Amino acid sequence: MSTAANEPSRSRGKAPAGERVADWADGRLGIYSLAKANMRKIFPDHWSFMLGEVCLYSFIIIILTGVYLTLFFHPSMAEVEYHGSYVPLQGQMMSEAYASTLDISFDVRGGLLIRQIHHWAALIFLAGMFVHMMRVFFTGAFRKPREVNWLFGFLLLVLGMFTGFTGYSLPDDLLSGTGIRFMEGAILSVPIVGTYISFFLFGGEFPGHDFVSRFYSIHILLLPGIMLGLLVGHLILVFYHKHTQFAGPGKTNKNVVGMPLLPVYTAKAGGFFFLVFGVISVVSAIATINPIWPSGPTGPTRSPPAPSRLVLGFSEGLIRVMPGWEINAWGHTLVLGVFVPLLIFPLVLAAIAVYPFIESWVTGYKREHYILDRPLLDRPRNAPTRTAFGVAWLTVYFVLLIGGGNDLWATHFHLSINAITWFVRIAFFVGPVVAFIATKRICLGLQRRDKDKVLHGRESAIIKRLPHGEFIEVHEPISQEQLHTLTAHEQYKPAEIGPTVDENGVERKVSGTQKLRAKLSESYYGEESQIPKPTVEEYKEITSGHGHH
């Protein structure tokens, strides 16, 4: 028996080295069972899902280039005399951090290219996360059970902002010094504890002698470590919850239609990584970003025209357009012109973080009837109120971004900086309201157009003249795929307060919270917030040849 059992293994010969290594690992880690459960994981195919991949690959590029830069950067504020290759600054006294950054740019082989790849990848990472979160927001991909993953993504965006700021501050050039001074002023505006926080951060009076080394530790160890953990958790939850998908034939709330992880998706993802790396490298090779040599080292008597940063620019815009109000009481000054924007900044971020929970409470989506493990994504037009809120927020963001760069707008377009400031102040309050109303009306108009397309077909551009002289355009029925896309979305009813009296005829107490929830729910799912989908009877009428041309 033993001889017969051993015959197949003898005829097969010695297993390949890779298989032997895999067998060794499986015997200790059980990788075969893990691979069996995940290698055939299905991923939907849609261009918007690539936004998350851009963020992931940019983060990997940031880590790779950052490791290279740490080999040559000296995080010290000790003053040295510069004797490097950049002639205009030779002989000048500067911090060792600034001198080492100049050496990376001009003396280290490939150093300038790596610096620029690192910087461009950071910007693309932040911009990619911003756009990715907007995609998740507008399509409703944050709904139960994915609220935790929304929080992970939100924390990645916030930590990415602060990681970018600390990295931007490390070279100790004039631009980074201006940003540090801006941050220090914001910290000092905090009543009671602002001074203590500033002394703790800078190790004494600004600028101190330790902030570069402290920011360096935060930039390369603390924040990236937390972000890496959040990123891993984010990906694990994507696998656990399965991927969301847009409506289409064969797609329901109980399945995922797409490509398997191996070999199709992995091959595409690998190619896309090198494509992202290549594009960033080409951009870095031909487009200079953050040149530190023209402005020189930081100094207390110089202030450059600093452009507003991509994500933190809106916080800078808040401070620039806020009136310089102050309150003097009991020998202390409360600088409202800085402190109020400093309060608004975290409040806006907190509102973004908790929005999924607010919507689930308002709309009742968390009720058992609406719990879906793998919900189909919304088309933004089918969620007019949410889409209007998103566009209103984007309006605020871009208005404040203009405020953050008001000096550059004024100099480049020959405008009055006071006029720009007043425009931003007014648009901050008026713009979101106008954007909300306009967006909601546009969404409802698109819903009406979709309903008309389902009932009457699409326009064919064929004009016919009837016997009595009337001209009409012939409409053709839409495809089954289009029909499914236009009618697959669910339409919910707004939450109701219920009867005003109980079963005994006694008036039931209704709390103010219940009334508020019902009113807000009406704004999401009421008659004025969604156009009813065509009924089966209406569709049968069109398919039977009646009611359309």
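Note that Cβ sites are derived from N, Cα and C of the backbone, with glycine treated the same way.
According to Swiss-Prot, the protein carries these features:
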TRANSMEM  54-74  transmembrane segment
BINDING   HIS118, HIS219  heme 1 binding site
TRANSMEM  122-142  transmembrane segment
BINDING   HIS132, HIS234  heme 2 binding site
TRANSMEM  150-170  transmembrane segment
TRANSMEM  182-202  transmembrane segment
TRANSMEM  220-240  transmembrane segment
TRANSMEM  269-289  transmembrane segment
TRANSMEM  334-354  transmembrane segment
TRANSMEM  389-409  transmembrane segment
TRANSMEM  417-437  transmembrane segment
Folded-back contacts onto the transmembrane segment (182-202), same chain, C-beta under 8 angstroms, at least six residues removed: 165, 208, 210-211, 214, 316, 319, 332, 334-335, 338-339, 341-342
Contact set, same chain, for the transmembrane segment (54-74): CB under 8 Å, 6 or more residues outside the stretch: 96-97, 99-101, 103-104, 108, 111, 114-115, 117-118, 121-122, 124-125, 128-129, 132, 170, 216, 220, 224, 227, 231, 235, 272-273, 276-277, 280
Between HIS219 (heme 1 binding site) and HIS234 (heme 2 binding site): CA-CA distance (Å): 21
HIS118 (heme 1 binding site) in three-state DSSP notation: helix
Beyond the flanks of the transmembrane segment (334-354) by 6 or more, those residues with Cβ under 8 Å of it: 150-151, 154, 158, 185-186, 188-191, 315, 318-319, 322-328, 393, 396
All-chain count of other Cβ atoms within 10 Å of HIS234 (heme 2 binding site): 21
Integer Å distance between the CA atoms belonging to HIS132 (heme 2 binding site) and HIS219 (heme 1 binding site): 23
Listed in sequence order, residues with CB under 8 A of HIS118 (heme 1 binding site) and six or more positions away: ILE61, ILE62, THR65, GLY66, LEU69
C-beta crowding around HIS219 (heme 1 binding site), within 10 angstroms: 23
HIS132 (heme 2 binding site), number of other Cβ atoms within 10 Å: 22
